[in-house]
Amino acid sequence: MVKTEKFIQKSVEEIQKEAGNEKVVMALSGGVDSSVCASLAARAIGDRLIPIYIDTGLMRKGETERIKAVFGNIRLQVVDAGDEFVAALAGITDPEKKRKAIGERFIRVFEREAKKSGATCLLQGTIYPDRIESEGGIKSHHNVGGMPEHTAFKKVIEPIRDLYKDEVREVAGALGLPPEIQHRMPFPGPGLAVRILGEVTKEKVAVIREANWIAESEIVEKYRPWQCFAALIGLGTGVKGDNRIHGWIVAVRAVNSRDGMTADPLEIPFADLVRIGSRITAEIPSVARVVYDITPKPPATIEYE
């Protein structure tokens, strides 16, 4: 458990020291990690903070609209970079290379936006599990191992780098952030790209975006998982009507966890799983098969890539 008031005071002082008199751009995704960072930085440097939301084209259904609505009261800059990210991922199938391509593109977009405002520092919501998995070679997170070696920023500020996810939520509560942010399900920085095995294309993104929305709509309110989602894991043979199809295989995953370091699969009644599978195959014609992932972490990671 983190001593929230002491942590908040220390973090504000750290941001002030690191930023000096410089302007700071920050990556605001709308999740609890980046929202806590935004709140801390706003206290520390006021209007020298420039929050930026990058629409990568890899976001969940309605995500960008939700961000605009929730953070409409601050000077949030929204950057549409979807075509850039899809182009950067073209032809890449290796998960590590995908994460590094996304990390590189994030930094280049932030550098471009920072240049417009004269900002020289970048602030981001890296947390301790990101560092453990990246440094331990499990998988590179876009904001740690996936970042390019050289950037135009004088400093990268990471005020919550030593916190676990449950500790970040405690700090969010102490900062007075609304429950919808404090308890929001994690969503990976690389977005739906890490829920697509193999090359990322606009067609695949459209399929998994809809499947993910169906999975969340069926599971979140009823079961309150730590995280749930759908992933596109390959192609398989199916039958629709009297016709054979070669369609997508979608895996649904729902887990409970405390800090994201370990996780257990959610025990969803079979009837509900059947309904989820039926909805996905009926509402997305190109999907031929739906499976439910019962693997804990470890041995699996929560996300597929």
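Backbone N, Cα and C atoms are what each Cβ position is placed from, and that goes for glycine too.
Annotated domain 'GMPS ATP-PPase' per Swiss-Prot: 2-184, in sequence order.
The feature ATP binding site is assigned by Swiss-Prot to S29, G30, G31, V32, D33, S34, S35. According to DSSP, S29 (ATP binding site) is assigned to coil rather than to any helix or strand.
When the binding-site residues S29, G31, D33, S34 are scored by other C-beta atoms within 10 Å, D33 scores highest.
Summary of the ATP site environment: with the site residues S29, G30, G31, V32, D33, S34, S35 set aside, the chain residues having Cβ atoms within 8 Å of the Cβ mean position are L28, V36, C37, G125, I181, R184.
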